[in-house]
Amino acid sequence: MWISSRLFVICLLLNFDATYSEPFETHLRGPGFVMEPPGRVEFSNSSGGWLDCSASGSPQPTIDWVHADGTAVTEIHGVRRVLRNGTLVLMPFAAAAYHQDIHNTIYRCIASNSVGRIVSRDVQVRAVVAQAYKVDVEVLSASRGCTAILRCVVPTFVKELVRVVSWVHEPAIYIYPSLQGDGKFHLLPTGELLIHNLQESDESQSFRCRSMHRLTRQVVVSSPTRLRINSHRGIISPSVVEHTAHVQVSQDEGAVLLCVAQGCPSPEYSWYTHNGPGPLPVLSGPRVRLLGPILAIEAVTGDDSGVYKCTASNVGGEASAELRLTVATPIQVEISPNVLSVHMGGTAEFRCLVTSNGSPVGMQNILWYKDGRQLPSSGRIEDTLVVPRVSRENRGMYQCVVRRPEGDTFQATAELQLGDAPPVLLYSFIEQTLQPGPAVSLKCSAAGNPTPQISWTLDGFPLPSNGRFMIGQYITVHGDVISHVNISHVMVEDGGEYACIAENRAGRVQHAARLNIYGLPYIRLIPKVTAVSGETLNLKCPVAGYPIEEIHWERGGRELPDDIRQRVQPDGSLTISPVQKNSDSGVYTCWARNKQGHSARRSGEVTVIVPPKLSPFQTNILQLNMGDRASLTCSVVKGDLPLTINWRKDSRPIDPTQHMSVKQVDQYNSILVIENLGSDHTGNYSCVVRNSAAEVENSQALLVNVPPRWIVEPADANVERNRHIMLHCQAQGVPTPSIVWKKATGSKSGEYEEVRERPFTKLLGNGSLLLQHVKEDREGFYLCQANNGIGTGIGKVIQLKVNSSPYFSSTSRSVTVKKGDTALLQCAVSGDKPINIVWMRSGKNTLNPSTNYKISVKQEATPDGVSAELQIRTVDASDSGPYFCRASNLYGNDQQLVQLQVQEPPQPPSVLEAAMISSRSVNLKWQPKSMSTGDVSKYLVEYREADPALFIEQWQHLEVKDPPSFNALIENLKPATRYAFRVIAEGNAGRSAPSQELIVRTEPQRPAGPPLNLSVRPLSSTELLISWVAPLPELRHGDIQGYNVGYKLASSSNTAYNFTSISGDGDGGNGELLLSGLAKFARYNVVVQAFNQVGPGPLSEPTAAQTMEDVPSRPPEDVRCAALSSQSLQVSWQPPPIYHTNGLLQGYKLIFEPIIDDMLPNKDEVESRKTTALTMVLTGLRKYTNYSIQVLAHTRMGDGALSKPLYCHSEEDVPEAPADIKVVVSSSQSLYISWLAPTEPNGVITKYSLYTRVVNGREELNNEKRSLPSQQVYYEAKGLHPHMEYQFWVTASTRVGEGKSSRVASQITTNRVPARIISFGGSVVRPWRSTVTLPCTAVGKPKREWFKSDVALRQGGLHNSQLLDTGDLIISSLQLADGGNYSCQVDNGIGTDRLTHMLLVQVPPSAPVLYVTSATSSSILMHWKCGFTGNAPITGYTLFYRRSTGNTDEMQLSRHASSHELKGLVCGSTYQIHLNAQNKVGTSPSSIMLHVRTQGQAPGMPAATSLLAPNSTSLLVRLHTWPDNGCPLLYFVLQYRAVTDDAERDWILVSNALKPQRRVVVPNLQSSTLYQLRMEAHNVAGVSQAEFSFVTLTKDGNPPPPEIVQRGQRGPSVFYGNINLLIPTVAAVSGMICTIALVIICYRHKQSNHIQKESLENRANSEAAQRERYYATIHKVSMQNNDKIPETSEDISPYATFQLSEAGNMSQPHHSGPANTLLHSFMYHERALAEGCSSPPPAASKNRRRHSRKTEPESEESESDQDQLTSSRTESSNQHEGKIKHNSRLIQHFPNHNISITYL
């Protein structure tokens, strides 16, 4: 049978829509709270309580209440009710009916609808059972004139619910809380009553405390209590008796911090904040009021949060307390997005946005809820909630709940909607092949949104309806659809292609697979098939049986296809596309055959019909207004009959109740008519036309515009002051109208201003207006307007009345009048009229003008209430006291205290003191005299400078018109200046006498002026000397403590200066600083600023200066060399970097030397040439020689750094002639020729050319040339003619060419062969420990003999020599002694010959002679002389040095160097120095170790008068006067003690690491007291100790009493503890004693007559030993033409100090620098000179005496004998070193060099 699959699908869709379609409710909206219950609700059992909760949503949410554990809240009759509007009511109850689970528990409000549900914050409900309580009064009494404190004591069980509302001053004076008080009484906001200025009369007065229960409004009054005045009249230090430790308020509210202290005199209060890096005083401002024990802050912000400290102080001491203020800033929570639609399987992401005042808030405690249940934290990433793989159970309402540490919570809601998802097959069946008989089950599973429907087909047709087929389908909990087909007993005809189709409105999915049953072909019956014209027809042959070989189609007896539109598919289906009605209608036959030839046939009829086609509507959306008439026409322009035309609205058939009619014009046209449009007619209208081919639909939207109309119409309202009110206004219409609230600016008919959202004004989403904390300014007319653009809109004006009980702007006020004048007592009350006002005296006596002639009362209405006035004429002291203005109306009453004070002449203020002192202002405070505050109208503060030298008599004035503050801020003062202050009280009766003067010195301030006369001059290439003068005295603003010197390179782009600080003496003196370590030859900008104890002042104008020139610190760069010829090289280079030239380049110096591997020492061939160019050609060089080339740049200061050696080789040239040639007879027909290579080969020898010439007399018979290898230096010419003269000469050749020829050597051949040596002698150089072969090759078979220096050598005569049979002498393990002349003599009786070899053995050099020529505090200059070079050139030196306590350092020095200066050494330290030399053979032994001490000593000792400056209570120590003795001071140790009878009194340590500074102050000393001061000064050279005695001045600054001074003078003033000074002193004394004893012994010995020869020899040896003690004394920079280096102990004394300076510079301060080494310390070293490299020292004078050295410095040289000196040097070389102690002090003057030598 055939079937059209498309037709089947159409039928299936119709069935699906009718049965399984789910309407998509786009109008649904999840719940949201309109009014969320508060977090805490308290009520009393007598009043009951209620919790409001309302929400909005679509559909309208239901409100439920649950407990904290989630259980539902049920109604309990008479106890708890839940109203329809969602309000939870807790009814009043008796005390016995209290249940904790009802009256003290947590409730939650839940709003839910079909979308989801949300839960409110936790609501803590607390019911308080009213209990009777009593209050008592606690009195903290005080002395007369002080302040008493009365405290209301409330029982703890009601303390948090009870507050003090007032105090009653018996009999009927009410005292109300205020921030300031009235001068006598002050009721604090916390309930304490302060009574100031206690007098005896106050003891008879009594007071009562009035308290009120916050919930029950019950008022409880204490019993009366009397004051007690202490008899103690002394000073009592303050103690804090009450303070608010923690105050928590919301933003924009007011905060009151309270700190009550008691003491006598009454303490003064200071407030500080700790919200910054340090405590800062709290100053009064627009929002901050300092009212003694109260700190009031209005409109607090988050910046006001933090810790505050209150300090109460009087003359007895002070007390303090810390208070914490916490400001809770409101936060706003929002979820983005608030509505999210996600398809199934997608990912949803919500973000919780937490802001405060529009700014993001940091990490908070965030909890997420889904439909009222908390989600686990696994889905959260900080503030983001991620829902992966969204499924149906994930849709609903989500809440973000933020809980702050304070306990309050905030939340926001969002809705997750599930979007449409097309079906997806989760499971499908597979193809199967079976035998008939078994059961078969086919299964499909699908998912989608909406839930899909699964249908089954067999070969495109519904399954057979017989008992063997069963179809089942169900939906899982996850929304998945599972469908299956069960065939109980499968048969052949059940075979075919089975398909499952899953479909919903979002899409369709299909799966098909064959079920093959073995059997004969069978084709099932198919009814008539209807095809749709223009579409594709797929005819599937419903064949069963397996296997099938082929399927064919026929029509009208012809096999198909027979048309291009027809195609037979591989599976046997026939496809016709497109279908044509006339051509394709008819009967089609399908037949199938298997391989065995069995076949089956079946025919079916196909009918083609044309689907309907509609004429489109004119517009997609038709907009009409309410009440109009509308008609829609549906026309069918094409389609086969029969046609069915239907109308639908919003996909539903039209209901007759909707007031619409349908007119069927004919079979092709239909009209929908709506006579009167209403709001319910808005929708989507569809015309659906169906025939057997298809169903088509045409839609048009109709929008009916509906003008607004009221749902909730606004109405007039009344509200009590400070309460909340909700003004409702709701309207509906199409489009949805917008609600706007406006408020009249004047009358009802006046102008209106739009109401906008702001604090305490909330515009709700439903149109209602919520007004919070309503005040009178909210009263008036309000207009609610609803408009949607249809019509004119609607509006309603309502009136809001604020019912106000009387209230005053302040609870009390004070009025002061002069005695005898008329007092006017006024009070202005606000509130609803009528208001009744009554005046009372002392709270109980009503004042009536009819009974008291002195008074009169006036009253008049004001816009806000009533203003009343009480006049009292001719007032006197009896009229003083409290008056009450009491107001009442229908809503309540209130009263205001007016304190009347009658003025009397004021008394002068007392206790004048400075509360705060700054650099330019002083805050004064004072206390008024008792009982006189009411008489003072203002205070006059007078001040002037207190410096007596200025003679200022004119006082400056400042008026203070705020007497209760009793303080004044005097500004525009001079910093660091002493001022005198006094205060005068002024009243109507006149002025008081001035108070006692107060002397105050203002705080210093940064200097306002720069230093003056800034001068900068260079001292060296790296030093600038800077000097300046202190700023003007009037601009110093304090004691100048030092200066900051800034410097920078003028060429630097950096604007910042490098600053160096130096301390000053505080007296503003001049300053000077040496800047060292600067860039050489660089221009610097220098600025100076002064600083005092506050900070630095302004910078001076920059002054420029340039450091001196110096030698370049870098060598020239890019040095290159190229050979031009055999005797010339071209060298080029680039200048050194500009920043390292250190001056103006004068030119360049080229230093070069050949690298010659000569074995013998040769002359120094180092040459140098100068040029100003960047290239130079060196000429006249050695041929074919490697040169070492270095380049340096020089300025006018000298040569700079050398470049690294560059090696360059000159080119080859033709060689010189061979050095020598020999020709000897070797036989009768042969001659032996030998020759020496050229001394200057000028290249690589490539060959030798031997020329031969035969001469017979003067006739040349033959000429011959032979080429020989370069390594061959001999040749034997054989086969010669006898008795012929042969001449030979030799030339050498390089690759350049043939060189010069040697001399011509001739020889006649002869039969006699005389003994001749063919080897050559000469110089032979070998290193020690090597082996040398001395050749002696001869002809004539001679006898050989070897001689060394004419001494014959025998075989074995030398232990290391060997004579070979060839005649060669081999010497192994060469030593220095093996050097000499070795001669070889040969003799054979016919002739003799002799050859001499000069053997030179090279050994390591001997130790050099090292001596120090000068030393500074940081450098040592040394020279040395070479010793024996070891027969080889010196290749370099190694210098070793170490500090006595450090590690050894080494330094490589050039072989050309003979001196070196060690720099960067430690001052006053001993260094060990030695040197060794190297040659090619090895390294010499080290020189004698020198122990050299750099200049500088341990600190010296200052004079006590310059060091110490005592005061009354302190000691000024001028540390800068302590001499450092050449080594900078590191730190001081300073301690002191008072001199008492207790000798063991402990020392008080001031500091054990006091940094060097100009001065330091030792405080806290007693006046007129004798002290001992012990000090230690440390530098790198040592430590010095000293003790000083000093006496402090009297309290008045006068000199101390004479007996104390004399006592101090009897004691030691200074004790020296410097061990470095004590040891030399003791040594000097001991040496002097030894010297005297030695002189006596020598004298006695001289008198004896036993003068022996040994004595003379000993004396000679002693003098020689003295000559061996040498010391060089003069720095090489100071040597002139005739200067010599002293070399013996007589020439220089140990420990000498040389000062070298030029004439005219002796008065300049000494500075150390690179080119300024002027001061050197010379050390004495004893050492015997080794011979070989230095000139001998001059001999000691035989009659040398000390006075002769002083008077005749040149007489010694004249007496010296050079021969004697030489012999003495040789003889004394092995003498032991002697040591000489110098015990006297001698000064020698050198007029030529201005040298001062001090002998210690």
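We count from 1, first residue shown onward.
Placed from the backbone N, Cα and C atoms, the Cβ positions cover glycine too.
Keep in mind the model is a prediction, meaning the values are calculated, not measured.
According to TrEMBL, the feature domain 'Ig-like' maps to 31-120 (among others).
According to TrEMBL, the feature domain 'Ig-like' maps to 238-326 (among others). When the domain 'Ig-like' (238-326) is classified with DSSP, helix, strand and coil residues number 3 helix, 56 strand, 30 coil.
Positions annotated as domain 'Ig-like' by TrEMBL: 330-417 (among others).
According to TrEMBL, the feature domain 'Ig-like' maps to 422-516 (among others). Mean model confidence of the domain 'Ig-like' (422-516) amounts to 91 (pLDDT, 0 to 100 scale).
Taken from TrEMBL, the feature domain 'Ig-like' applies to 521-607 (among others).
Residues or ranges marked as domain 'Ig-like' in TrEMBL: 612-703 (among others).
Under the heading domain 'Ig-like', TrEMBL lists 708-803 (among others).
According to TrEMBL, the feature domain 'Ig-like' maps to 806-903 (among others).
What TrEMBL lists as domain 'Fibronectin type-III' is 905-1005 (among others).
Look at TrEMBL and you will find 1010-1110 (among others) tagged as domain 'Fibronectin type-III'.
The feature domain 'Fibronectin type-III' is assigned by TrEMBL to 1115-1213 (among others).
The feature domain 'Fibronectin type-III' is assigned by TrEMBL to 1217-1313 (among others).
The annotation domain 'Ig-like' is assigned in TrEMBL to 1314-1396 (among others).
Sequence annotations record features per position, and here TrEMBL assigns domain 'Fibronectin type-III' to 1404-1497 (among others).
If you look up TrEMBL, you'll see 1501-1597 (among others) marked as domain 'Fibronectin type-III'. The helix, strand and coil residue counts that DSSP assigns across the domain 'Fibronectin type-III' (1501-1597) are 7 helix, 46 strand, 44 coil.
Annotation comment: TrEMBL describes 1731-1787 as region 'Disordered'.
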Note to self: Pairs 6 or more apart in sequence, C-beta under 8 angstroms, 3 or more of them: is that satisfied by the domain 'Fibronectin type-III' (1404-1497) and the domain 'Ig-like' (612-703)?
What the structure shows: no
Next item on the list: State, in range form, which of 31-120, 521-607, 1115-1213, 1314-1396, 1501-1597 has the highest count of Cβ pairs under 8 Å to the domain 'Ig-like' (708-803).
Entry: 31-120
Notebook entry, point to check: DSSP says what for the domain 'Ig-like' (1314-1396): how many helix, strand, coil residues?
Noted result: 3 helix, 41 strand, 39 coil
Note to self: Give me the DSSP three-state residue breakdown of the domain 'Fibronectin type-III' (1404-1497), ordered helix, strand, coil.
What the structure shows: 0 helix, 48 strand, 46 coil
Notebook entry, point to check: Which residue counts does DSSP give the domain 'Ig-like' (330-417) for helix, strand and coil?
Noted result: 6 helix, 51 strand, 31 coil
